[in-house]
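These notes concern the structure reproduced below.
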Amino acid sequence: MDLSGASSGIPENANQNCVGPQSTEAGKVSACAGCPNQSACASGAGRTEDPALKQVTDRLAQVRHKILVLSGKGGVGKSTFACQLAFTLAAKGKQVGLLDLDICGPSVPRMLGLTGQEVHQSSTGWSPVYVSDLLGVMSIGFMLPGQDDAVIWRGPRKNGLIRQFLTDVDWGQLDYLVIDTPPGTSDEHISIVQYLKGCAADGAVVVTTPQEVAMADVRKELSFCSKTGIRVLGLVENMAASSLPLTELTFQDGAEDRTEEVFAVLRQVAPQLLDLKVSFNPFPAFGEGPQGMAQKFGVPFLGKVPLDPNLLKACEAGGSFLSLYPNSTAARPLGLIVEKLVNTVELAELVQNAEKKKVEPTDGSMDIQQDVQT
């Protein structure tokens, strides 16, 4: 599929971190220094309404809930959470779309068992690739010639594809659209926020691990959400302290595997010890940890997902973790997090609908008011 025509409204000769001519900061921020368009952008000449904004709004008009999945740091499990969130929502009978906007690191096709699939175009736009009748997916990973091909694009071209994904994919009616984003707070994030501003997106889930090297970047992500008006639906701590049955451990003596020997001794001397679980904390929390960080920023803390080898296995197999390993260590915590998220989003929808009914009285109530005045 030819992606060369992707356009984001950002000039082709713009600097790499261009904020876009539509931004109120156009021509004024450090990224604009030396750009040939700086003077024009600073004057506001390019600050016209981007027609893509209405196109995105029209395209997503039949999507009830739109949830961004963010993280300031790569490798914390953001895409894993996005995929398992989509699987779990679909298992609840929801019609779900998963949009992979991590242009340079599209891992979603593998995590959903869709490697090798291709995108097809119809008269109504690009058709998602379907895992099941309830779960459709779109990713640049479906458009690359090979699985190992790198996407070596500058910002404007990446932003152009983001625009195309938001305007050209024919999702139909959805209960949830889960949007997996790149790590960090790049110009791609600015484009995503700008394009979704007219769509009443529900907000974002921010994923982190407990160590400070990840939390430092997530603080920047939370600050980004605050400055751009994105509602944070909650913070998720991934790869938290966990436990495993003793029988799932292996025992090494140098390069020699002595697992069976250890278990044979335990079965003979103390068989009751084989029922024990071993606790481990791979990433000890720094300071107050993610929960304290959530409290500091005034955002909900959705919970902790323990580090669980079976979650990795589910992702490698391209399947639903809760379906494949319902009794695994992280299954219940992950299920509860999704439940909290659904309750938050759908309760807000009920409140919003109730407020609309108050503001817009029925014809009968209007007649009553007129009768009283008469």
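Every residue gets a Cβ built from N, Cα and C, even glycine.
Quick look at what TrEMBL annotates:
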type    : residues                                               : note
BINDING : CYS18, CYS32, CYS35, CYS41                             : [4Fe-4S] cluster binding site
BINDING : GLY72, LYS73, GLY74, GLY75, VAL76, GLY77, LYS78, SER79 : ATP binding site
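Here the features listed in TrEMBL are placed on the structure.
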residue	record	Cβ contacts under 8 Å, 6 or more apart
CYS35	[4Fe-4S] cluster binding site	ASN13, ALA14, ASN15, CYS18, GLY27, CYS41
GLY72	ATP binding site	PRO183, GLY184, THR185, VAL206, THR208, ALA214, ALA216, ASP217, VAL218, ARG219, LYS220, GLU221
GLY74	ATP binding site	GLY105, PRO183, GLY184
GLY75	ATP binding site	PRO183
VAL76	ATP binding site	PRO183, VAL207, THR208, THR209, ALA214, ASN238, MET239
GLY77	ATP binding site	VAL207, THR209, ASN238, MET239, VAL305
LYS78	ATP binding site	VAL69, LEU70, SER71, ASP180, THR181, PRO183, VAL207
SER79	ATP binding site	VAL69, ASP100, ASP102, GLY105, SER107, VAL108, MET111, ASP180
What Cα-Cα separation, expressed in whole Å, is found between LYS73 (ATP binding site) and CYS32 ([4Fe-4S] cluster binding site)?
25
Hey, for the [4Fe-4S] cluster site built from CYS18, CYS32, CYS35, CYS41, who else sits with CB inside 8 A of the CB center?
ALA14, ASN15, VAL19, PRO21, ALA26, GLY27, VAL29, ALA31, ASN37, GLN38
Count the other Cβ atoms sitting within 10 Å of the Cβ of CYS41 ([4Fe-4S] cluster binding site), across every protein chain shown.
25
What other residues of the same chain, not counting GLY72, LYS73, GLY74, GLY75, VAL76, GLY77, LYS78, SER79, have a CB atom within 8 A of the CB centroid of the ATP site?
SER71, PRO183, VAL207, THR208, THR209, ALA214
Let me know the DSSP-derived helix, strand or coil state of SER79 (ATP binding site), please.
helix
Which of CYS18, CYS32 (the binding-site residues) has the most other Cβ atoms within 10 Å?
CYS18
Using DSSP and three states only, what is CYS32 ([4Fe-4S] cluster binding site)?
helix
